[in-house]
Amino acid sequence: MSSVKEQLIENLIEDDSKSQRKITIVGAGAVGMSCAICILLKDLADELALVDVAEDKLKGEMMDLQHGSLFFHTPKIISGKDYSVSANSKLIIITAGARQQKGETRLSLVQRNVNIMKSIIPALVHHSPDCKMMIVSNPVPLWSGVNVAGVTLKTLDPKLGTDSDREQWKNIHRQVVESAYEVIKMKGYTSWAVGLSVTDLVGSILKNLRKVHPVSTLVKGLYGIKEEIFLSIPCILGQNGVSDIVKVHLNNEEKALFMKSADTLWNVQKDLVF
Amino acid sequence: MSSVKEQLIENLIEDDSKSQRKITIVGAGAVGMSCAICILLKDLADELALVDVAEDKLKGEMMDLQHGSLFFHTPKIISGKDYSVSANSKLIIITAGARQQKGETRLSLVQRNVNIMKSIIPALVHHSPDCKMMIVSNPVDILTYVVWKLSGLPATRVIGSGCNLDSARFRYLIGEKLGVHPISCHGWIIGEHGDSSVPLWSGVNVAGVTLKTLDPKLGTDSDREQWKNIHRQVVERVYME
């Protein structure tokens with residue numbers, strides 16, 4: 001006797017097609033789930049996979065998203081502890097890692113997170129050898145480029161961003177650097193802004209927009225940097241990932257700060273145990 | 001000597017216009033913040049206000065949203081413990097309330113939440129006398145009644161989110177069973193949001209084809225395929241809210 005489904009629907013073709021725009025998010029914590037909801041609401045993926053070690057939490061988060069399916073256009077949401085759920089991903093977003101403690105600098109999280117990555121990355125690459133990977137982590141503002149409608153602020157006031165700047169625009173940069181710490185102090189973590197930011201990048205990559213974003217990329221060979229360091233510079237993002245970089249002209253002070261960033265990172269990197 | 005702003009920009013008109021589509025969310029917990037991010041991403045408000053009693057958490061949540069301003073189109077996000085931040089809202093979403101404990105029935109939450117509503121509602125109505133109120137806090141049906149009484153607003157403007165989510169879950173589960181997107185599966189759950197909600201099996205249809213016409217036993221205990229389980233899953237999920 002036929003089921004209700006068989007009486008209702010005549011099947012013509014088996015639906016065995018692979019997803020074309022699959023995104024995997026590793027880490028179902030606040031940042032990962034913020035990325036998930038933004039990606040769903042912006043229609044960026046046709047399949048979303050979530051991976052985490054905490055199985056109950058993971059399943060709960062998956063079900064909570066699935067229950068909202070009526071309200072978005074991503075027909076397949078899956079999850080699992082096993083990395084096989086990530087197979088065939090175009091983009092993998094890594095949010096997994098230890099959470100930044102109050103007062104802890106970003107750099108001091110590093111060794112903890114290196115060990116986590118060792119257990120994650122090889123399996124992900126095995127299941128999606130053609131993917132792009134986006135690492136979400138916990139930041140030298142370029143004052144000479146700050147402009148509104150092409151009018152460079154620094155041309156209006158050459159002291160902009162320096163200590164002798166009457167209006168202390170430098171405070172804005174300080175606020176940016178401190179803002180993450182401030183939000184963490186007040187709500188315990190940050191999630192919304194980082195999720196929105198990641199989704200912005202995901203959109204550029206999956207839609208091959210070739211927009212320019214300041215993202216962390218391999219800068220060896222640029223600005224006199226000799227080591228394998230990743231730092232943020234303006235990059236053109238598209239379906240190949242970082243396909244081009246913009247050659248920014250740094251003045252002497254900016255170059256010095258950039259090099260200082262590179263040195264700080266290298267001092268941590270050179271001692272990492274893989 | 002003029003500032004960078006004065007050198008850059010010539011002001012023509014003072015920007016003192018009121019918001020036209022202001023939404024206030026009361027309660028900056030998981031539900032309130034989920035409402036907030038969805039509202040922002042769907043461009044539904046020109047101003048968003050958050051209210052909560054936990055001041056640090058509230059400020060942190062507001063700042064976290066503000067920091068994402070580049071990525072959405074809601075230019076004004078404010079927050080505060082004081083209800084004056086809610087003034088001039090078109091819609092106020094109430095998510096505040098005590099959380100349901102494991103095993104606690106909805107109805108036993110009631111007295112705790114009634115007392116919370118007594119401290120919230122009059123101030124909100126005072127600041128936005130023309131608003132609509134949407135109640136999400138549980139037990140939603142009873143609290144919608146309570147808020148209606150406390151607010152003095154006409155019943156048409158006090159709305160409980162009720163079975164909208166139940167019906168959405170119902171349609172998702174039907175969709176999974178049939179291999180069809182929930183938007184094409186029609187099914188309604190009405191009545192109480194909770195234990196005694198009513199699935200209208202006689203209306204469940206895809207493209208106008210009623211499932212119960214195909215199998216008159218659909219949704220009953222003698223149903224071979226046990227479609228009733230779908231409703232049971234929806235009710236059980238409600239306990240996890």
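From the backbone N, Cα and C atoms, a Cβ is placed for every residue, glycine too.
The domain 'Lactate/malate dehydrogenase N-terminal' annotation in TrEMBL covers A:22-141.
The feature NAD(+) binding site is assigned by TrEMBL to A:GLY27, A:ALA28, A:GLY29, A:ALA30, A:VAL31, A:GLY32, A:ASP52, A:ASN113, A:VAL136, A:SER137, A:ASN138. Secondary structure at A:VAL136 (NAD(+) binding site), as computed by DSSP, is coil.
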### Task
Measure from the Cβ of A:VAL136 (NAD(+) binding site) and count the other Cβ atoms within 10 Å, all protein chains considered.
21
### Query
Around A:ASP52 (NAD(+) binding site), which residues of its chain at least 6 apart sit with Cβ under 8 Å of its Cβ?
A:VAL26, A:GLY27, A:ALA28, A:GLY29, A:GLY32, A:LEU58, A:GLU61, A:SER79, A:LYS81, A:ALA96
#### Entry: CB within-chain contacts under 8 A for A:VAL31 (NAD(+) binding site), separation at least 6
A:THR95, A:VAL136, A:TYR189, A:THR190, A:SER191, A:VAL194, A:GLY195
### Query
Taking every protein chain shown into account, which of the binding-site residues A:GLY27, A:GLY29 has the largest tally of Cβ atoms within 10 Å of its Cβ?
A:GLY27
## Note on the structure
For the domain 'Lactate/malate dehydrogenase N-terminal' (A:22-141), the DSSP residue counts stand at 52 helix, 23 strand, 45 coil
